[in-house]
C-alpha cells in the first residue's frame, strides 16, 4: 500500500494525531482549574465541573461529588469562559479534521500533494491559534462569583487565589503550541510532488472522457 506522504509526512501525521487528541481530550476533561469548597476538592474546565453545592433538606448546602457539564451554555460562569468554550472547541475540531486527513494520507496514494500538505499545515496553525486564544481567555473568568467561592474569595482576573491550574490546561496549551510550531513546519515537507506521468495520464483520461461525451452529443 503506497502512501501519499514522505517519511517526514508520516512523522507529521503521527504528531498531528497526538496533538489533536491531546488538545481535544484536555478540552473535554474538567481538570483545568483545581480548588476547594466546603472542604471538598473542586475542579473546572470551561464548560464542566466536578463537585458542586446544592440545596438539601432544610435549605442547607451539601456537596454533590460528581462531574458534569453546565445545564446550558448560559449557565457557564462567565462570558470569558463561554467565549473560551467556543474558540477552543473550534480549534480542536480543526486539528482533528487535519489529523484525520493526515492519517488517511498514510494509507492512500495521491491524496495529499505538497501544496495540499502546506494548506493543511496552515489549518493546523489556525487551529492551534484558536486553542491558544482560548487558554489566554480562561483567566479572564476567574473573577466570577462561582470561581471566587472555590478560590478562597480572593481570586480575580489572572489571580488564582487559593486555586491552581490543572494538568489539562497545560496539555491543551502544549498541544496547541506543538501544532502551531512543529506540525505546521513539518507539513511543508509532508506531501509528495505529483509525478509527471501521473499528471499526463490524468489529463489524457479527462480529455478522452470529454471527447467521448462531445462525440455522443454530436451524433444524430
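Every residue gets a Cβ built from N, Cα and C, even glycine.
According to Swiss-Prot, the feature signal peptide maps to 1-20, an assignment based on sequence analysis. Long-range contacts of the signal peptide (1-20) within the same chain: residues 92, 95-96, 98-99, 102-103, 105-113, 117, 124, 128, 175-176, 178-179, 182-183, 186-187, 189-192, each at least 6 residues beyond the stretch ends and with a Cβ under 8 Å from a Cβ of the stretch.
Sequence annotations record features per position, and here Swiss-Prot assigns transmembrane segment to 86-106 (among others) based on sequence analysis.
Summarising the annotation, Swiss-Prot assigns transmembrane segment to 122-142 (among others). Sequence-distant contacts of the transmembrane segment (122-142), counting only residues of its own chain at least 6 positions beyond either end whose CB sits under 8 Å from a CB of the stretch, comprise 16, 19, 23, 27, 32-33, 46, 77-81, 83-85, 87-88, 90-95, 97-98, 148, 151, 155-161, 163, 169, 172-173, 175-180, 183-184, 187.
Summarising the environment of residue 153 (N-linked glycosylation site), the number of other Cβ atoms within 10 Å of its Cβ, over all protein chains shown, is 11. The N-linked glycosylation site annotation in Swiss-Prot covers 153 and rests on sequence analysis.
Summarising the annotation, Swiss-Prot assigns transmembrane segment to 165-185 (among others) and lists sequence analysis as the type of evidence. Listed as Cβ neighbours of the transmembrane segment (165-185) (distance under 8 Å, sequence separation of 6 or more from its ends, same chain) are residues 12, 15-16, 18-20, 22-23, 25-27, 29-34, 43, 45, 88, 91, 95, 121-122, 124-125, 127-129, 131-132, 134-135, 138.
Non-local neighbours of the transmembrane segment (86-106) in the same chain are 3-5, 9-10, 12-13, 16-17, 19-21, 23-24, 27, 46, 112, 120, 123-124, 126-135, 137, 172, 175-176, 179, 190-191; each lies 6+ residues outside the stretch with a CB under 8 Å from one of its CB atoms.
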